[in-house]
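Asker: Okay, these came from TrEMBL:
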- 44-76: transmembrane segment (TRANSMEM)
- 97-119: transmembrane segment (TRANSMEM)
- 274-297: transmembrane segment (TRANSMEM)
- 286-362: domain 'RDD' (DOMAIN)
- 331-350: transmembrane segment (TRANSMEM)
Amino acid sequence: MTTINEPQTPYLTQEETREVLTPFAFELDKSLYGTPLASPWRRLVALLIDLLLVAMLSGAPGELLAFLVAFIIFRASNRKPLKTLPSGRVVGRKRRFIVRLLAAFVILIVLLVTLPQVFKGDNSYYNPGDNNQDTLTTEQKVELAIIAAVAANKMEQSDCQQDLSCWEALLQDDMQHPASMHVDDKVVKEGLEDIINETPLSKEDKKSLAQTLYSSYKKFQALEQTSNPVVDEEQITTATPDAAPEQVEEKSLEQEVEEDIVKASSPIMSLLEYIKGIISDLGLGFGWAALYFTVFTARFRGRTPGKKLLGIQVIQLDGTHLSLWDSFGRYGGYGAGLATGLLGFMQILWDPNRQAIQDKISATVVIRTNAKAMHS
């Protein structure tokens, strides 16, 4: 009788080798069985409280956030125990302190350069609409401000009310000055939108007024170019004798103005876009929200102020407390919830353990702290 030699499974220890699959990453703390879970409404109210606090913090300057992040990194880098000699002397304490201080200082300098620009909106990456303003000279900015002030004064003194033709006659001549300044067309359109939105006209009349004023601007611009001709090589190579480029260009520009007016005045219909807009307004990017949810969750053992008030707590399934890195990873799960169209958050309604997508990512669960456990 022959026997089949089964492959021997390597002996497993608590030290994982990252070469074979081990069960320790999936190990559950059996003492957690029967712990009451937090209800969806408690989690929602706690999250709203936390978001309100983050909204209050988002008004703080970016420099304060930079100092807090650098300080937290300095404190968190002292977790690893130092080497102790048999004589009891601790080795490397001063060296580690200098390295920690240097690292925190470098991070502080980097954040001081980047964060204030992000929070003040001076960064063109976060505010692409400001790129056109950066191309204007100081003289052009002053001239545009004077033109806008003159137009505003004329509008205040006029009696046009709902008369579209009156507004057209009142503002058409003001388009001659921007045409002679050789500024970007987008700057002119943005200025027109600001002026037209101050009129009491209806939505359709505002579109018509925008088209009329922009057409006047292009006509004045064409006259300016005729009196001071400038050769544009791109226009020469793309022009065709059978087409009417001026009419096509004017039509496309009018369409752009109309689209901008509609986009600015139309409500946001998508629930997801609406929530993203609120998050953007509150400053919930890689800033105060990340610091808030990371530090409070790690420092107070899974309890943010909102969760503390509602009597709930975030715990890991293996029974250990969340570290800064674990808390930061769980915060990243909120972004995943938005990416799934909020389905990741609504998952707590049907998941057996009330785990949302951020809980699945970080292997956590939210429990009631003041409820009695039901052990079988």
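Yeah, the Cβs are placed from backbone N, Cα and C, and that goes for glycine too.
Nobody curates TrEMBL annotations by hand; they come from automatic prediction.
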Asker: Across the whole of the domain 'RDD' (286-362), what does the mean pLDDT come to? Round it, please.
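Answerer: The predicted confidence over the domain 'RDD' (286-362), as a mean pLDDT, is 89.
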Asker: Count up the helix, strand and coil residues in the domain 'RDD' (286-362) according to DSSP, in that order.
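Answerer: For the domain 'RDD' (286-362), the helix, strand and coil counts are 47 helix, 5 strand, 25 coil.
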